[in-house]
There are 2 protein chains.
Amino acid sequence: MKKRLCVGIVGLGCVGSAVVKILEDNKEIIRDRAGVEIVIKKAIVRDVEKYQGYPFEISNDLESLVEDTEIDIVIELMGGVEVPYELAKKTLVKQKAFVTANKAMLAYHRYELEQIAQNTPIGFEASVCGGIPVIKALKDGLSANHILSLKGILNGTSNYILTQMFNHNRSFKDALKDAQDLGYAEMNPEFDIKGIDAAHKLLILASLAYGIDARLEEILIEGIEKIEQDDIDFAKEFGYNIKLLGVAKKHKDCIELRVHPSMIKNERMLSKVDGVMNAISIVGDKVGETLYYGAGAGGEATASAVISDIIEIAREKSSLMLGFECPQSLPLKPQESIESAYYVRLLVNDEKGVLSQISAILAQNDISLNNVLQKEISQANRAKILLSTHLTNEKTILNALKELENLSSVLDTPKMIRLITE
Amino acid sequence: MKKRLCVGIVGLGCVGSAVVKILEDNKEIIRDRAGVEIVIKKAIVRDVEKYQGYPFEISNDLESLVEDTEIDIVIELMGGVEVPYELAKKTLVKQKAFVTANKAMLAYHRYELEQIAQNTPIGFEASVCGGIPVIKALKDGLSANHILSLKGILNGTSNYILTQMFNHNRSFKDALKDAQDLGYAEMNPEFDIKGIDAAHKLLILASLAYGIDARLEEILIEGIEKIEQDDIDFAKEFGYNIKLLGVAKKHKDCIELRVHPSMIKNERMLSKVDGVMNAISIVGDKVGETLYYGAGAGGEATASAVISDIIEIAREKSSLMLGFECPQSLPLKPQESIESAYYVRLLVNDEKGVLSQISAILAQNDISLNNVLQKEISQANRAKILLSTHLTNEKTILNALKELENLSSVLDTPKMIRLITE
């Protein structure tokens, strides 16, 4: 069994530098979960001068990476289509594993690579929806199912724009400018807003679900650039949201693939996915609907997916069976020190000064109030006081509740529900 | 390489019989994805008389299953704690893989089993949230991350009851009765409504995330039985929903575990998970929040998870590398025959009869109207007509839009957005 696994990285941009950082930051858990140490041996960049002070070799010689017999896995994070495709072929021919975040390249060349790879692993979790492990869900989690359909919000930029238009009445033009100012959209945002990026991802997902070798040029693709306020008004009036969806659907004798803005009923989970977030709803013939939600882009989220592929490949090589994490030395937090905000329900005599008595007790216990609602009860001169607090802890709230119960104006044991504030 | 893998099943109840059915229904894809054929050799039931006509041996001799040298994987779907634990130990000692859906047993004995197993696989995807592949997400998809926290709606019965109370103003008692009538709750629903079932699942998830060996008796557990209409009113007033959550959280020097009803802000995806559905939100230090949603119970959903474990174990034994599905013979559906409902936006002269002209054209094209909204435009005697249709197809709608555009009263190219109706 190997003690370490050497990787070579092509590209040290946003995702590449995050891969380097996470492999260092989370070195221990990654080693434990991989069964071997993961070591970066070399990185390939265009301009070597710009990258100084890394604890591994920096080079601009792509060929040297493939030729290096010590390197077990090549990680392609350079972008483009034909150059990374050539790199992938050379890597796989040398029986080195290949990991990529490159959806455009896979949209065109996935089956050629699959053919060349034979039994050499190709990892591409990062190519679809960044940090969401949807490729693994399709390959592993749902493996007992025929996939009946999948529908995904696959592009964060267009989802951000649509959310701004829908929730904040921004025009398409203004929302696009917001996205560019925030760095969510490229200066040339065509791929995002015209649905091309989503279509790349849809093709990859459809290949996993259905084995269909469709081309970008063959499928129905529409962008979000023609959506106007009227459309949003109509959607709101009749209970819809508007999202750019990639849709794949199995029919008896064919597979349907399409990318376009869609009106989705408010009851559906997908309609609630806002901002730059992505989500994919998958319907299996046995499991029914499952949905996967998370950050679809961003350096660290995408790098998290890249590294999950590296770990999976390493495990296969190290024959590690992964069960429960080893018990760590961390103990269970004592119940009384658990922090939360709280909602409290009190049944009281509806008499002068009762709310002031209650708030005095809370204040003495260093608990600050957030919301209060007083409800009269028609009969019997009673009232309910419903309140929520800011953050405190179990010991403090339980103590305060006991003191409240002892008040003569409080008629019943106070009831409490915890609030989730983060 | 083995050509087939033999499994023995203990228990042919709701989940067990679904495992048998799916292994038969989806035999081809399961064989392709596993790399070997999966064959049921024997099932163990209490009352042999009740189970006739299966194409495998039915027996009530648990011991015989473990002793059978042909059986590679034992699938435990019997329930209980100590008997399945003994079975698991015997199975693992014989170096047979062990797959279980038994959360209660794992909540108590997971680390003992892990110790005995050494490198023999234990599959337990089905033990937490049925068909949602959250165990695989924690083990594989998020493997590059320290888990900062996880929050889950882990019990479908209590979520159904809370949804009935929150959305349909049912009392706790009535909602519980609904759940029992629909088969969502056991006649003895204590485990569900008191949070015990959710706590079992939380302990398993926390073991994967943190390696903590906590006991049910040590953690904060509260059920949903004390929630009243007043609490729901308060939640609605201040923008919350109420859900039974299992929460695990990493602190610097300890792990926090708790199960209780929680008020969650409406903006959070978790607050939108209704009915019997489950969902788990997991925050990783690198990937941020990801969320997993689906059916948490039910025979086929749970069996889907059991079989995904069997396939994973088979793959390890068969050294199958899984990439894209093999291209199948199914072609891409032609764009013009794709079916959808449509929303259409028209700019028209605000004159008599224009809506009737428009609806006539739609009717001639066999397109039936769903919703219509007419908007006056103050200046220039114009109006907008926004409408949605029932199901039709691309060819038909595009043809109708062309005819509409040719009307003298229609002033601009009609705009169209597709509706998601299923």
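Including glycine, each Cβ sits where the backbone N, Cα and C put it.
Just so it is clear, the model here is predicted, and its values are computed rather than measured.
Copied over from TrEMBL:
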ACT_SITE  A:K201  active site, proton donor
BINDING   A:V10, A:G11, A:L12, A:G13, A:C14, A:V15, A:G16, A:S17  NADP(+) binding site
BINDING   A:K103  NADPH binding site
BINDING   A:E186  L-homoserine binding site
DOMAIN    A:343-418  domain 'ACT'
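Features per TrEMBL, on structure.
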residue	record	DSSP (3 states)
A:V10	NADP(+) binding site	strand
A:V15	NADP(+) binding site	helix
A:K103	NADPH binding site	helix
A:E186	L-homoserine binding site	coil
A:K201	active site, proton donor	helix
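The local packing around A:G13 (NADP(+) binding site), expressed as other Cβ atoms within 10 Å of its Cβ over all shown chains, amounts to 12. Taking all protein chains in view, 22 other C-beta atoms sit within 10 angstroms of the C-beta of A:G11 (NADP(+) binding site). Residues within less than 8 Å, Cβ to Cβ, of A:E186 (L-homoserine binding site) and separated from it by at least 6 positions along the same chain comprise A:T157, A:Q180, A:D192. Around A:L12 (NADP(+) binding site), the C-beta neighbours below 8 angstroms that are at least 6 residues distant in the chain are A:V20, A:A43, A:V45, A:Y51, A:L77. A:S17 (NADP(+) binding site) sits 19 Å from the residue listed as 'NADPH binding site', counting Cα to Cα. For the recorded NADP(+) site, residues A:V10, A:G11, A:L12, A:G13, A:C14, A:V15, A:G16, A:S17 set the reference point as the centre of their Cβ atoms, and the other residues of that chain within 8 Å of it by Cβ are A:I9, A:A18, A:V19, A:L77, A:M78.
DSSP assignment over the domain 'ACT' (A:343-418) gives 24 helix, 31 strand, 21 coil.
Between the CA atoms of A:G13 (NADP(+) binding site) and A:K103 (NADPH binding site) there is a gap of 16 Å, rounded to the nearest whole number. Comparing local CB density within 10 A for the binding-site residues A:V10, A:C14, A:V15, the maximum falls on A:V15.
Residues within less than 8 Å, Cβ to Cβ, of A:K103 (NADPH binding site) and separated from it by at least 6 positions along the same chain comprise A:S127, A:V128, A:D197, A:H200, A:K201, A:I204. The average pLDDT the prediction assigns to the domain 'ACT' (A:343-418) is 93.
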